[in-house]
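K.L.:
Submitted below is the structure of interest, expressed as C-alpha cells.
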Amino acid sequence: MPRSFLVKKVKLDTFSSADLDSSYGRARSDLGVRLQDKGYLSDYVGPASVYDGDAEAALLKGPSPEPMYAAAVRGELGPAASGSAPPPTPRPELATAAGGYINGDAAVSEGYAADAFFITDGRSRRKAANANAAAAPSTASVAAPDSDAGGGGGPGTRGSGSGSASRGGTRVGAGTEARAGSGATGAGGRHACGECGKTYATSSNLSRHKQTHRSLDSQLARRCPTCGKVYVSMPAMAMHLLTHDLRHKCGVCGKAFSRPWLLQGHMRSHTGEKPFGCAHCGKAFADRSNLRAHMQTHSAFKHFQCKRCKKSFALKSYLNKHYESACFKGGASGPATPAPPQLSPVQA
C-alpha cells in the first residue's frame, strides 16, 4: 500500500465544515468591528436573544425583520437623511425564505446595505446643501469675489488679472492655471471654474481640473514616450503610463495588469468568487465598485432626472440608457402619431 494512503487527513476548522452557530460565534467579534468602523447600520444588529449573555455583539445570521431604513425614519442620521422617504425593500421575501438566510449563487463574505454607502455618506447631503446654497446665495458670498478680484484700492488686493481666491479673510494661493482669472470662490466658499462652472473645495483641485481645458496644441500638453498619445491632464497621463508597465500576469489566461489588485480582481472571473453581496436583494458581485453602483438602485437619492418625462435615476448611465431606448424614441413616436396619414400618399 502506498505511503500516501497512511497519512491521516486533518479536517480544517472552516465555516463550511463547522455548524452555523459556532461559526458565527467565533466571527462575531470581527463583524462587530466592521459594524462600528465602516458605519454599517442595524441591518445586521439583532436583539440580545441571539447570543445569550452577550448583548454587545448580538448579530443576526440573516436579514433583520426590522425595516432597512428604521434609523433614517427615526431621524438618527440627521435631518437630510430623515427627510427622504425610505424606498421599499425590493425582495422582502428573502427575510423569511430558507430560515432567514440569503441564498446567493456564490458565497458572500460581506454584506452591505444601501444606507452604509449613501445615508451615512455625507456627499449626498453636501450636494443637496450646495444646491440650496446656490439657489439662494448670500450677499457675503457674492461680494467676496468682487472685493478680491478687481479694482480695490486697499492694501493686499490685486488686479483682476491675478484673481486669487479668499476664504474667511485668508488668501488661498492658487496655481498658475488658477490665477488665470477664475479663482474666485462661489457659494459656500467653493472655487468655481470660469469656463465650465464646476466648483471645487480647494484651489489645487481647481488647478487640476483646469488642465482638462487645455488645447492639444498647448505648450503644457505632454506626449507619451511609448505610444505618442498626447495628454493635457498630467494625472491622466500618469495613469496612462501605467498601462505600458504590465508586470502582473495571469497564470490562467496570460492577461497582464499594471497593479496586483487588478490581477486579484481578474482572478475572480476564473474562480467565480463574488465576495461582495447586497444586503437588500442578495445579488453578489466580484468587485466592490460594481456593488457600489448596484447599491444606488436601492438608494432614495436619485439625482439624474430626464428632461422630457421627469423620471429620475440613481446612475447617469441609467439616464443615458433611458434616453437611448425609452424616452426620446417613444416621445418621437408619440408626437408622430398623425404621421401615418402623411405616409399613405407615399405608399399609394
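FYI, residue positions are counted from 1 along the chain as it appears here.
Cβ coordinates come from backbone N, Cα and C, glycine included.
Note that the structure is a prediction, hence the values are computed from the model and not measured.
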K.L.:
Which range, 64-87, 304-327, does Swiss-Prot list as zinc finger?
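P.N.:
Residues 304-327 are the ones Swiss-Prot records as zinc finger.
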K.L.:
Out of 1-20, 41-60, 241-260, let me know the one Swiss-Prot marks region 'SNAG domain'.
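P.N.:
In Swiss-Prot, residues 1-20 carry the label region 'SNAG domain'.
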